[in-house]
Each structure stands twice: as structure tokens, then as C-alpha cells.
Amino acid sequence: MKLLKDSGAALLALFFVLVYLLPVNSRLLWQPDETRYAEISREMLQRGDWVVPYFMDIRYFEKPVAGYWFNNISQWIFGDSNFAVRFGSIFSTALSAVLVYWLATLLWRNRSTSVLATLIYLSFLLVFGIGTYAVLDPMISLWLTAAMVSFYLTLKAENWQQKVGAYALLGVACGMGFMTKGFLALAVPVIAVLPIVIQQKRIKDLVVFGPIAIVCAVLLSLPWALAIAQREPDFWNYFFWVEHIQRFAEASAQHKSPIWYYLPILCIGVLPWLGLLPGALFKGWRERATKPELFFLLSWVVMPLLFFSVAKGKLPTYILPCMAPLSLLMAAYATDCANNIRMRALKINGVINLLFGVACALVIVVIGLGLVKDIVAYGPQENQKVWLGVLAFAGWGVTGFITLRNNARNWRWAAACPLLFILLVGYLIPQQVVDSKQPQNFIKNNFSELSSSRYVLTDSVGVAAGLAWELKRSDILMFSEKGELTYGLAYPDSQDNYISNDDFPTWLAQARKKGDVSLVVQLARNEALPAHLPSADKVNLMNRLALLWYQKTP
């Protein structure tokens with residue numbers, strides 16, 4: 001315990017290296033998300049075009065461009081590696097952690113509490129899971145965190161010059177957020193600050209100085225917004241109506257889920273600190289009058305959470321911006337409990353980690369040994385993965401037990417509960433999942449046929465992205481299914497990138513005259529190869545992915 005308090009910064013740096021840097025290159029990329037963002041940035045670098053996103057030579061208007069820039073720079077510096085693909089997310093998470101530390105220092109002027117808040121943030125299961133995963137959510141979370149820190153500076157500004165500067169920073173953060181994921185970056189800060197503005201009677205300041213933030217956000221994003229409007233006039237129409245209105249509000253929204261969807265996600269996401277969640281939130285509400293900084297954090301957590309819960313389209317990644325203020329609330333609550341020797345919540349947290357680790361280890365044993373007839377996760381040759389999984393979660397439980405000893409004096413070590421799991425998770429994934437969701441393994445095993453093929457087709461966008469990334473070619477064709485490329489494939493100059501089921505036999509006969517053809521098909525569980533496909537010269541089936549290789553004909 002004393003070691004953690006005296007060497008907090010060094011241990012924090014060690015934790016970050018162990019969790020966020022060392023293991024990520026050895027983990028295969030997941031489809032569709034990681035393969036998609038890897039390939040988009042690879043093509044941007046190859047084209048030298050940082051304005052219009054293309055995905056396998058097809059226009060891709062689902063997101064603005066700033067998030068891709070992070071990934072572009074990562075690949076430019078670190079090359080073609082899984083680490084490079086994920087470094088944009090890792091770097092964004094690191095900057096968010098720095099902002100958490102800085103804001104904690106501004107709030108409480110206590111180095112120990114600042115280190116604790118940062119440690120809690122980095123050890124959240126949700127933050128780790130998304131922060132080492134190649135998606136754009138860590139980037140938008142960074143800019144939303146920066147926006148809220150900037151807003152806090154507006155509250156503490158002592159003169160009009162400081163207020164102008166703070167609101168300008170707020171505008172820059174919102175502008176970068178807008179260029180990363182769109183209008184969401186403008187809506188969330190407004191929703192989060194409204195209760196704070198009302199409580200602290202700062203409506204006049206918001207009205208007077210708020211336009212400065214708007215002007216700065218507009219000036220920052222305007223050059224790219226005009227450039228893409230000139231190059232692709234339909235971008236803003238598609239991006240606003242389809243990617244915002246339909247995704248979040250309409251009955252046809254993607255990823256529809258019930259209003260309570262985020263409750264279990266939040267509980268799992270804050271592990272290994274779940275025991276502090278109720279007390280931290282209650283403390284923020286109970287002390288809202290005497291400690292307005294706690295209400296600031298509470299509003300920052302609750303208002304975006306309510307907004308995302310009301311929206312029809314939901315994904316676990318959406319609530320990542322709520323984790324920064326939650327880590328600060330938990331740090332304040334835990335420090336208060338420890339200082340006043342009220343150890344009940346800290347003990348409960350230890351018990352939760354102990355039970356969670358034991359329960360997960362038992363589940364892996366039961367499923368891994370095939371004791372549940374209808375659930376087959378691991379094959380007969382994967383016993384090593386089963387026991388590694390047991391070891392990972394046993395480590396979680398044992399660490400939870402250690403935090404309970406001596407009246408929970410070692411409660412800070414809860415951050416180490418998921419450490420073994422994090423280091424081993426890449427080696428625990430069942431082979432059937434690897435072969436369906438991590439196409440790099442399949443591509444590696446079929447690289448000779450794929451790399452020599454004149455044409456490569458697939459019926460899965462995620463697999464197509466993996467093929468494009470691994471083969472370093474953007475001319476992968478879509479077969480039978482269009483998926484998220486439906487809009488881009490509608491452009492006249494992209495229609496040849498899609499081959500329908502009905503057209504495939506005729507197209508194949510002509511294509512084989514020019515070279516070998518590889519067709520990669522993703523199958524449903526226990527599905528046989530489609531009988532209507534022309535007979536291939538070679539077939540390689542690996543669980544749910546199949547390669548049909550057609551040799552060049554004279």
C-alpha cells in the first residue's frame with residue numbers, strides 16, 4: 001500500500017506499458033471494425049488524399065476525417081502492424097488519462113488523488129477494451145473530455161481574458177470532436193453542462209462567451225468541411241440524415257436496444273471498481289451544494305448516459321466519454337472512505353472482484369470441458385486455452401482477495417485484478433472465433449492462393465477489409481452482399497466492385513481468362529458451402545470461413 005502511494009507515477013507508467021502497449025501487437029485484428037479502420041487509413045496514405053475517405057476504392061462517408069488522421073499518422077510512423085493500427089486509440093486514451101490527472105489536480109490539489117483517478121480510469125474494463133481497439137470512440141472521448149475540462153476552466157476563470165481563452169479551447173475541442181465523429185461532439189457537451197450552468201447560475205456567461213466556442217469550432221472544421229463538400233457534394237446529406245438521424249432516432253436505427261441497455265454495460269465496464277459506483281454517484285448528488293465540483297462530475301456522467309439511453313441506436317462504445325468523470329468521482333469517494341476509515345465500500349469492491357474472478361474461472365472450466373451440452377466454445381485441442389483462461393480469472397479473484405486483507409488496506413491494488421486477463425486475453429480466444437472474427441489467421445494460412453489471384457472476392461465487408469489490409473491491395477470485390485458499402489457502391493464508378501450471385505458464374509468465366517480467382521465466403525454456424533457456387537479447383541474450409549480458389553483457364 002505504501003509502495004503504491006509513494007511510487008504512484010512510476011507504477012502508473014508501468015501499468016500503462018503492461019496493459020496498453022506490450023500485448024497489442026500480438027493480438028489479431030477483429031473484423032469488421034479494426035480491419036475497416038486499418039484499411040481506410042492504409043488507402044489514405046497510399047492515395048495521399050487526407051480529405052475524402054475511401055474504403056476498398058469505394059467512397060465511405062460514415063465518419064468525418066480527423067479520426068482517420070490519427071490512424072494515418074500511426075501507420076506512417078509505425079508501419080504496417082497491428083500495433084500501428086491500434087496506436088491511434090491507445091494514444092487518445094493516454095491523452096484522456098493525462099486530462100483526468102490534470103483535472104483531478106485542478107479540483108483537489110492532491111497528487112495521490114490525481115494518480116488514483118488516473119489509475120482507476122486506465123484500469124476500467126471498458127476503457128481498456130475500447131482503448132486498445134482500433135475504433136474512433138477513444139478519439140471522440142478524448143475531445144469530449146477536453147471539452148469538459150475546458151468548460152471547467154471557464155467556471156474558474158477570474159477575468160474576461162481567461163474566459164475568452166477557456167471558451168476558445170472549448171471550441172477547439174468541440175471542433176476536433178465534430179471532425180472525428182460528427183454532430184455528437186457538439187450535442188454531448190451542451191447536454192452535460194446544462195445542469196451545471198443552471199446550478200451555478202452561469203447562463204449569462206454561456207450566452208455572452210458561448211459564441212466564441214462556436215466560432216472557434218466552425219473556423220477549425222470549415223476548411224475540411226468545404227473541401228469535402230466541393231469534392232463530394234453528397235457527403236453532408238448522407239452523413240447528417242443517415243449517420244445521425246437514422247442511426248440515433250428513427251425506428252430503423254442501427255443497433256436498436258432497450259432503454260436499460262447501458263446499465264449492465266456500465267456495471268461490467270467499471271470493473272474492477274464496481275463496488276465504488278453507487279457511493280460515488282450518491283456522493284456527487286448528496287454534496288452537490290457544498291462541493292459543486294462533484295456535481296460538475298455527476299452531470300458529466302449522468303446527462304450523456306441518459307442521452308445515449310434514450311437514443312434508439314446503442315453500442316457499448318458510446319458511453320466511453322462517461323468514464324473519465326466517473327473515475328474522478330470514484331477517486332474522490334474512495335479517498336474519502338479511506339481517510340475516514342469507512343472501509344465498507346472498499347471491502348465490497350474486493351468481494352465483487354473475488355466473486356467475479358472465481359465465477360468466471362468456473363464458467364470457463366464448465367464450458368471448456370464441454371460440461372454444457374449446447375455450448376461448445378473450445379475444441380478438443382484447445383485445453384491450454386481453457387487453463388490459461390482459468391489462470392487469468394483466478395488471478396483476478398486472488399487479487400480481489402488480497403485487497404480485502406488487513407481491513408482492506410490494500411484496496412488500491414484492485415487495479416491489478418484484470419492484469420493477468422489483459423495480458424493473456426489474446427491467447428484465450430476459441431479457434432472458431434478466431435477463424436470467423438479475426439481473418440488475419442485465415443489469410444495467413446491461405447496467403448499463397450490469395451496473393452497470386454488476379455481477383456479476390458468475399459461476401460463479408462469485414463473480411464474484405466482484412467484481405468485488403470493483409471494483401472496490400474484495395475481492389476477486393478464484394479460478392480452477393482453489400483453491407484455498409486451499399487451507399488458507396490451505388491456510385492457509377494464503383495458498381496463494378498460488386499458481383500451479384502446471379503452474375504457470378506458468367507463473370508467468373510471471363511475473369512478466369514485473366515488470372516486466378518479467390519472467393520472467400522463467410523458461413524453461418526454449421527452451414528455447408530452454398531451448392532449454387534461453381535465448383536472450385538481448391539477449397540479450404542476453416543470453421544466459418546471458406547476459400548474457393550479458381551485457377552486461370554486458357
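Keep in mind that glycine also has a Cβ here, set from the backbone N, Cα and C atoms.
As annotated by Swiss-Prot, transmembrane segment applies to 4-24 (among others), with the evidence given as sequence analysis.
If you look up Swiss-Prot, you'll see 87-107 (among others) marked as transmembrane segment. Note on the transmembrane segment (87-107): residues 16, 20-21, 24, 67, 70-71, 73-74, 77-78, 113-115, 117-118, 121-122, 127, 130-135, 137-139, 141-142, 145-146, 149, 152, 156, 293, 324, 327-328, 331-332 of its chain, located 6 or more positions outside it, place their CB under 8 angstroms from a CB of the stretch.
According to Swiss-Prot, the transmembrane segment annotation covers 115-135 (among others), on the basis of sequence analysis. Among residues of the same chain six or more beyond the transmembrane segment (115-135), those with a C-beta under 8 A of the stretch's C-beta atoms are 8-9, 12, 15-16, 19-20, 23-24, 29-30, 33-34, 37-38, 71, 85-86, 88-90, 92-93, 96-97, 100-101, 104, 141, 265, 268-273, 316-317, 319-320, 323-324, 326-328, 330-332, 334-335, 412, 414-415, 417-418, 422.
The feature transmembrane segment is assigned by Swiss-Prot to 178-198 (among others), with sequence analysis given as support.
Under 8 Å from some Cβ of the transmembrane segment (206-226) lie the Cβ atoms of residues 51, 64-65, 154, 163-164, 167-168, 170-172, 174-176, 178-179, 186, 193, 197, 236, all in the same chain and six or more residues away from its ends. Residues or ranges marked as transmembrane segment in Swiss-Prot: 206-226 (among others).
A Cβ distance under 8 Å defines the sequence-distant neighbours of the transmembrane segment (262-282), meaning residues of its chain 6+ beyond its ends; these are 120, 123-127, 129, 298, 301-302, 305, 308-309, 314, 316, 318-319, 322-323, 326, 329-330, 332-334, 337, 345-353, 356, 396, 400, 414-415, 417-418. Annotation source Swiss-Prot lists transmembrane segment at 262-282 (among others).
Taken from Swiss-Prot, the feature transmembrane segment covers 293-313 (among others).
Sequence annotations record features per position, and here Swiss-Prot assigns transmembrane segment to 315-335 (among others).
Annotation comment: Swiss-Prot describes 351-371 (among others) as transmembrane segment, evidence class sequence analysis. Residues 271-272, 274-275, 377-378, 382-383, 385-386, 389-390, 393-401, 403-404, 414, 417 of the same chain lie 6 or more positions beyond the ends of the transmembrane segment (351-371) yet place their CB under 8 Å from a CB of it.
Per Swiss-Prot, the feature transmembrane segment maps to 384-404 (among others); the stated evidence is sequence analysis. Counting same-chain residues at least six beyond the ends of the transmembrane segment (384-404), those with a Cβ under 8 angstroms from any Cβ of the stretch are 272, 346-347, 349-358, 360-361, 364-365, 368-369, 378, 410-414, 416-421, 423-425, 427-430.
Feature annotation from Swiss-Prot assigns transmembrane segment to 414-434 (among others).
Between the transmembrane segment (414-434) and the transmembrane segment (4-24), three or more CB pairs separated by 6 or more residues in sequence fall under 8 Å, so the two stretches touch. Beyond its flanks by at least six residues, the transmembrane segment (4-24) meets 82-83, 86, 90, 93-94, 97, 111-112, 115-116, 118-119, 122-123, 128, 131-132, 412-413, 415-416, 419, 422-423, 425-426 of its own chain at Cβ-Cβ distances under 8 Å.
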